[in-house]
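Going by TrEMBL, these are the annotated features:
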- 1-21: region 'Disordered' (REGION)
- 1-15: compositional bias 'Basic and acidic residues' (COMPBIAS)
- 73-500: domain 'Major facilitator superfamily (MFS) profile' (DOMAIN)
- 74-95: transmembrane segment (TRANSMEM)
- 107-130: transmembrane segment (TRANSMEM)
- 142-163: transmembrane segment (TRANSMEM)
- 197-218: transmembrane segment (TRANSMEM)
- 224-245: transmembrane segment (TRANSMEM)
- 299-319: transmembrane segment (TRANSMEM)
- 389-406: transmembrane segment (TRANSMEM)
- 412-434: transmembrane segment (TRANSMEM)
- 446-466: transmembrane segment (TRANSMEM)
- 478-497: transmembrane segment (TRANSMEM)
- 506-529: region 'Disordered' (REGION)
Amino acid sequence: VVKFRRTGESSRSDEDGISGGHEVQIEGVRTELEPVELGDGAAVPKEFANPTDDTFMVEDAVEAIGFGKFQWKLSVITGLAWANAMEMMILSILAPQLHCEWRLPSWQVALLTSVVFVGMMSSSTLWGNISDQYGRKTGLKISVLWTLYYGILSGFAPIYSWILVLRGLVGFGIGGVPQSVTLYAEFLPMKARAKCILLIEVFWALGTVFEVLLAVVVMPTLGWRWLLILSALPLLLFAGLCFWLPESARYDVLSGNQEKALATLKRIATENGAPMPLGKLVISRQEDRGKMRDLFSPHFRWTTLLLWFIWFSNAFSYYGLVLLTTELFQAGDVCSISSRRQEVKAKCSLTCEYLTEEDYTDLLWTTLSEFPGVLVTLWIIDRIGRKKTMALSFLVFSFCSLLLFLCVGRNVLTVLLFIARAFISGGFQAAYVYTPEVYPTATRALGLGTCSGMARVGALITPFIAQVMLESSVYLTLVVYSGCCLLAALASCFLPIETKGRGLQESSHKEWGQEMVGRGSHSPGESQE
């Protein structure tokens with residue numbers, strides 16, 4: 001096998017391009033071609049990536065450069081932003097503490113949780129639009145700094161109304177943090193994308209575990225105010241490192257900034273020790289980026305609607321389980337919580353119970369289920385596809401919810417909650433893989449932002465199910481969560497596009513996958529469904 005690297009300009013007729021045996025005519029070239037001999041079965045060196053095209057796309061460059069040192073650094077830095085799970089996990093710890101300390105009725109405790117999700121719901125689409133209009137890095141930096149500022153400030157809240165407003169503003173900032181997945185996904189080669197996005201979710205799991213451990217140490221001695229302040233540490237670290245983050249080359253290409261995109265790609269190639277593709281970078285400029293109407297074009301309408309319900313169900317069930325876990329552990333099991341509700345009906349609604357050391361221990365065990373959730377999803381997502389992974393996760397969660405109807409002991413209760421949380425978190429992670437893959441660069445941040453916004457609607461409603469409805473009927477509460485996840489499993493199966501093994505689309509003005517035809521993203525025998 002002989003491979004030539006073209007070092008001058010060439011011209012070739014269309015007939016030559018489709019002919020089986022042809023000669024390449026090179027005119028006006030002063031330099032010579034380099035012959036390189038390859039042994040039997042040897043791979044073509046990376047320096048000959050895209051050797052016969054005059055142009056290349058960002059997708060070609062990302063695939064040719066591959067995964068390396070740059071992506072590892074990017075994983076850690078964007079992961080620090082993703083560790084904002086601490087700000088979410090703190091809700092299940094802060095609520096019972098303030099319920100007792102400030103003598104809050106149950107509806108005010110539920111409102112304290114919901115106001116965070118109101119902020120996230122109201123801002124998710126806005127942050128997505130900012131990221132599509134002004135860049136992924138810009139949107140992510142502003143949202144993280146916003147969350148950091150109000151997160152620290154909420155630790156100094158003197159009264160209930162102040163903490164309500166400040167936690168709402170924290171939620172407003174958290175709504176933009178999912179854009180870290182958009183930025184991250186756009187730098188990943190196709191084969192590594194699902195695995196890498198799932199692995200960055202490990203930072204979410206680490207954040208939740210760290211929050212519980214921090215609460216065990218801080219709550220008995222320093223109190224909840226210091227817990228709020230110290231929970232902002234990962235975001236503080238991210239704020240110091242975020243200036244290293246480059247802007248997405250895909251965004252720069254779409255906004256017409258060819259030189260900046262090329263400089264970013266060269267920087268990645270240098271850090272990874274890989275060559276750039278030969279030729280000229282193609283610019284596919286699109287001015288009308290981040291438009292809501294593109295999400296409802298004929299090709300994406302059903303995908304958008306189904307994804308909104310899937311994200312709603314994910315957050316509704318995930319955060320519901322987090323809140324329900326605290327309630328169930330305090331009661332002992334489902335039967336105990338039912339009898340206890342009957343006993344306290346005549347009592348004052350201000351009756352409270354502080355979290356015990358045993359509660360924190362069990363909370364830690366169920367939180368650790370995030371890690372096997374990542375591993376299970378990592379193992380199946382490239383085998384059975386994104387759609388089936390989400391459907392399976394919802395089905396297992398629904399089944400475990402129904403098993404809670406049995407009067408099981410505390411140990412079995414912990415195991416069921418562990419499995420349920422592992423799979424619902426895995427489903428959430430699969431949605432984070434699928435959503436950036438299915439939308440084009442022009443609307444990718446907006447698509448993820450609107451889906452995240454719908455998730456916050458679910459998270460906004462869930463405290464009133466997991467905390468308020470639970471007081472009336474624990475069985476009705478479990479039926480609501482189980483039924484919602486069964487419908488979400490069906491919605492996952494009905495998604496029209498499977499993104500497994502596909503490249504990212506750039507412009508929303510082209511049909512899905514059109515840009516990748518003939519780009520070498522698929523092997524000849526690979527399915528093109």
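Keep in mind that glycine also has a Cβ here, set from the backbone N, Cα and C atoms.
Keep in mind that TrEMBL annotations are predicted by a computer and have not been checked by a curator.
Simply put, out of 74-95, 299-319, 389-406, 412-434, 74-95 has the most Cβ pairs sitting under 8 Å from the transmembrane segment (142-163). Cβ atoms under 8 Å from those of the transmembrane segment (446-466) belong to residues 110-111, 113-114, 117-118, 120-122, 124-129, 131-132, 171, 175, 178-179, 181-182, 290-292, 294-295, 304, 307-309, 311-321, 323-324, 327, 431, 435-436, 438-439, 477, 480-481 of the same chain, restricted to positions at least 6 beyond its ends. Tertiary neighbourhood of the transmembrane segment (74-95): same-chain residues 109, 112-113, 116, 140, 144, 147, 151, 170, 174, 177, 180-181, 183-184, 187, 196, 199-208, 210-212, 214-215, 219, 224, 227-228, 231-232, 234-235, 237-238, 241-242, 244-245, 319, 322-323, 325-326, 355, 363, 367, 467, selected by CB-CB distance under 8 Å and a gap of 6+ residues from either end. Here the listed stretches are 197-218, 299-319, 478-497, and the one with the most C-beta pairs under 8 angstroms to the transmembrane segment (389-406) is 478-497. Of the recorded ranges 197-218, 224-245, 299-319, 478-497, the transmembrane segment (412-434) has the largest number of C-beta contacts under 8 angstroms with 299-319.
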